[in-house]
Structures are given as C-alpha cells and as structure tokens.
Amino acid sequence: MKERAVLVLEDGTVYRGYAFGARGKTVGEVVFNTAQTGYQEIMTDPSYHGQIVVMTYPHQGNYGVNVYDMQSNRPWVRGFVAKEFSRVASNPRAQQTIGEFMEFYGVVGIEGIDTRALVRKIREGGVLKGTIAHASLFGAPDHAFTEEELEALRREAQAWTDIDGRDMTPEVSTPLPYAWPTLKSGRRIVVMDFGIKHAIVENLAALGFELIVVPGKTPAHQIMALEPHGLLISNGPGDPTMPRYAHETIWKLMGLLPTFGICLGHQLLALAAGGRTFKMKFGHRGANHPVKNLQTGKIEITSQNHGYAVDIDSLKDFRPTHVNLNDGTLEGMAHARYPVFSVQYHPEAAPGPHDALYLFRRFLEEVEAFHGATGLPVEKQRADQHGI
Ligand SMILES: NC(=O)CC[C@H](N)C(=O)O
C-alpha cells in the first residue's frame with residue numbers, strides 16, 4: 001500500500017499524493033526545475049539549500065545515483081517532488097536507487113501530485129513556501145488529512161523563515177581552508193566557497209590550477225596572504241545581499257587578481273561594485289536556458305539555478321556580456337578595466353549542456369595574461385598599494 005502525503009502551500013493550496021524518500025515532514029521555498037535529467041546533481045547542489053524542488057519532467061530516478069555525480073557531500077534540497085519516482089535504477093553507473101538515496105540522507109519527497117498545476121501556479125504567482133507531510137506522522141499510512149491538520153501545515157509553511165534576509169553561507173561553506181587535489185601545480189587559485197559545486201573545482205583542476213578552497217568569510221588580507229594568481233567566487237544559496245562581509249572582501253580584491261564569479265559569485269561581484277540585485281518571480285532552474293553572448297553573437301544553451309538576478313541597469317564598472325533570451329535578464333558581465341568577469345549561469349553544467357565550458361579556459365587565459373609577462377606576483381605590489 002502506498003503511504004499518503006500532502007504538499008500544502010502557504011496560500012492554502014493542497015496537493016494530495018504519496019510519500020517518497022525519507023518519512024517525515026519538511027518546510028521550504030517551493031521552486032521548480034525543468035531539467036529532464038540531473039536529479040542527483042540538483043539534490044546535492046548547495047545552492048538549493050532551503051528549497052523544495054519540483055521537477056517538471058514527470059519521471060525521475062530511472063538511472064539511479066552514484067558517488068561520482070555528487071556535487072557536494074550530501075543533498076541540500078529540503079524536499080523533492082516529482083510526478084513519479086522510478087523504483088528501479090537501470091544504468092551500469094548506478095549504485096543506489098533514488099529512493100534509497102533520499103532515505104539514506106533524510107530527503108522527504110512526494111509523488112503522484114499534479115506537478116503541472118503546481119508549476120503553473122508558481123509561474124503565475126511566484127515562488128511560495130510549502131510543507132510536505134507524510135501520513136504516518138499522523139498515525140497511519142492511509143490517514144486522510146483533516147482540515148485542521150492541513151491548516152496547521154499551511155501555518156507552518158507561512159511561519160518558516162524566508163530564504164530572503166538571512167545569510168546562509170555559514171551553513172554551506174567549508175569551515176576551514178583546504179587544498180583541492182590536483183595533479184599539476186600550476187597557477188594558484190583561491191576559491192571563495194559560498195556552497196561550491198564539485199564540478200566547478202573539477203573543471204579548474206582539469207586546467208592544471210592549484211586550488212585552495214577557503215571559507216566564504218575569509219577576509220581579503222588572508223586571501224592575499226595565500227599569494228594567489230587568481231580568484232574564483234563560487235555559487236551558493238540564499239539572498240546575495242546578505243553576506244555583506246563578502247561584498248567588502250570582493251570590493252577590496254577587485255583588480256588585484258583575475259577573478260571569475262559564478263552565479264552567487266556573479267551577484268556578489270555586482271553588489272561589491274555598487275550594483276543591485278532583485279528577487280525574481282520564480283527564477284531560472286533548468287538545463288536549457290538560451291543565453292546570448294554579446295561579444296560573439298553566439299547562443300549558448302545553459303544550465304541554470306538562481307532565484308535572484310543582477311539588475312542590468314544598475315551595473316557599476318561592469319558591462320553586460322551575456323543576456324537571457326527568454327526574459328532579457330543579465331547573464332554575464334565583465335569589468336571595464338580589470339580581468340574580472342562573471343556569469344549568472346553554470347558553465348560547469350552538472351547537470352546540463354557543455355556550451356559554456358570555454359569560460360574556464362578564458363579564466364586560465366586571463367590568469368596567464370595577467371601574470372605571464374613578468375612572472376612576478378604583480379598582485380602583491382598592487383595589494384601593497386591597496387594597503388591590505
Ligand atoms: N546557484 C547559485 O549560486 C544561486 C545564487 C542565488 N542564491 C540565487 O538563487 O540567485
């Protein structure tokens with residue numbers, strides 16, 4: 001017998017379906033992702049911290065999960081929703097089924113609801129908070145939820161602390177600096193970790209960089225003390241206006257090092273320079289967002305996961321380099337004077353197409369161009385000028 005479950009939104013809408021994954025209850029911001037594959041990368045991307053993710057593609061889990069596709073050391077989604085989850089994993093790379101994985105890591109799920117209706121609601125009204133609850137919590141797997149119980153679940157969703165207005169960095173960032181294993185020892189990159197996906201560091205490592213991952217809270221002078229040749233500012237969850245210390249650090253480092261910002265890193269760069277961000281109605285989450293590269297005129301099909309965006313008209317010191325063809329929002333920018341650039345989307349894919357991998361190579365070229373001429377740590381002299 002299937003166990004009953006509900007998803008109750010803060011506006012009182014109730015979706016009745018069946019329990020999946022870990023048994024229990026969970027509250028979060030309900031968002032949707034349109035990627036057809038990549039559920040494991042999505043669940044383990046720290047940028048989803050605080051969110052219940054609804055997959056629009058109706059069948060999830062058929063190729064299982066494995067240790068290689070993890071984007072961090074555990075899932076971060078607060079809940080996972082699909083029309084139907086596969087009970088079998090049919091792929092030689094599979095080591096577990098999606099259900100086993102969700103149970104192991106305590107991810108509460110629901111299936112059998114009309115995900116199309118739910119997604120349409122979010123698209124029309126914007127993201128909402130919601131609660132998923134499984135019937136066994138209320139006594140029995142076939143328990144039919146009463147009006148009072150549903151109202152209590154609705155209030156729980158409403159009362160949950162929003163993602164906006166709090167800094168989630170301490171919850172996802174590494175507490176201590178560490179070296180990411182690489183086989184070569186090329187130029188040294190410091191990676192500011194706001195909840196980094198493994199695929200980003202793996203792409204940098206593949207280019208031969210030496211990588212030191214530091215907590216997002218690391219101040220500018222400590223970063224410079226590591227004598228880096230470049231700086232990567234990672235993706236991460238939450239409201240980009242909240243980690244104010246990061247704006248200050250990035251502002252201090254601006255121009256000292258070739259810098260590449262990805263997603264949250266892009267937003268932090270814009271804010272550090274005096275630009276503005278805003279919360280989008282329902283964000284961009286999927287693996288087929290068309291982005292126009294304004295420098296080449298080419299279109300890239302990109303992987304995306306963000307709920308905030310940089311206001312294109314607020315840019316200070318940066319010029320737009322990429323725009324989203326669906327809604328015209330800013331997707332990339334470059335500094336007017338320094339080798340500092342960033343994208344709102346995910347060049348590392350994981351999941352998604354590899355159209356934008358060239359950006360990692362561009363970062364390598366920027367680092368080489370910046371340091372290549374003299375071979376001296378130019379940034380150190382500049383740091384002295386900046387007094388850090
Ligand atoms: N993937 C990310 O880095 C997300 C950035 C930010 N938390 C947003 O939702 O817009």
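Even glycines carry a Cβ here, placed using N, Cα and C.
Quick look at what TrEMBL annotates:
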REGION    1-187  region 'CPSase'
DOMAIN    3-133  domain 'Carbamoyl-phosphate synthase small subunit N-terminal'
BINDING   Ser47, Gly236, Gly238, Leu264, Gln267, Asn305, Gly307, Tyr308  L-glutamine binding site
ACT_SITE  Cys263  active site, nucleophile
ACT_SITE  His346  active site
ACT_SITE  Glu348  active site
Review point. Taking the centroid of the Cβ atoms of Ser47, Gly236, Gly238, Leu264, Gln267, Asn305, Gly307, Tyr308 (L-glutamine site), which other same-chain residues have Cβ within 8 Å of it?
Key: Asn235, Pro237, Asp239, Pro240, Cys263, His306
**Study point:** Gln267 (L-glutamine binding site) CB neighbourhood, other CB atoms within 10 A
**Key:** 27
**Study point:** DSSP three-state assignment for Ser47 (L-glutamine binding site)
**Key:** helix
Review point. Where does Cys263 (active site, nucleophile) sit in the DSSP three-state scheme?
Key: coil
Practice item. Would you give the longest CA-CA distance, in whole angstrom, between residues of Ser47, Gly236, Gly238, Leu264, Gln267, Asn305, Gly307, Tyr308, the set recorded as binding L-glutamine? Key: 13
Exercise for review: Compute the average pLDDT of the predicted model within the region 'CPSase' (1-187).
Suggested key: 97
Point to revise | Residues among the recorded positions Gly236, Cys263, Asn305, His346, Glu348 that border ligand 1 - Cβ under 6 angstroms, in sequence order | key: Gly236, Cys263, Asn305
Review point. Given the active-site residues Cys263, His346, Glu348, which one's Cα is the least distant from that of Gly307 (L-glutamine binding site)?
Key: Cys263
Check your understanding: In the domain 'Carbamoyl-phosphate synthase small subunit N-terminal' (3-133), how many residues does DSSP call helix, how many strand, and how many coil?
Key -> 28 helix, 48 strand, 55 coil
Check your understanding: Of the active-site residues listed here (Cys263, His346, Glu348), which is spatially closest to Gly236 (L-glutamine binding site) when Cα positions are compared?
Key -> Cys263
Check your understanding: What same-chain residues, at least 6 away in sequence, bring their CB to under 8 Å of the CB of Asn305 (L-glutamine binding site)?
Key -> Asn33, Ile42, Asp45, Ser47, Tyr48, Asn235, Cys263, Gly283, His284, Arg285, His346
Check your understanding: Do you know offhand how many angstrom separate Glu348 (active site) and Leu264 (L-glutamine binding site) by C-alpha?
Key -> 14
Study note, to complete from the structure: Cβ atoms other than its own within 10 Å of the Cβ of Gly307 (L-glutamine binding site), all chains, total 24
Study note, to complete from the structure: Row Gly236 (L-glutamine binding site), column other C-beta within 10 angstroms, all chains, value 31
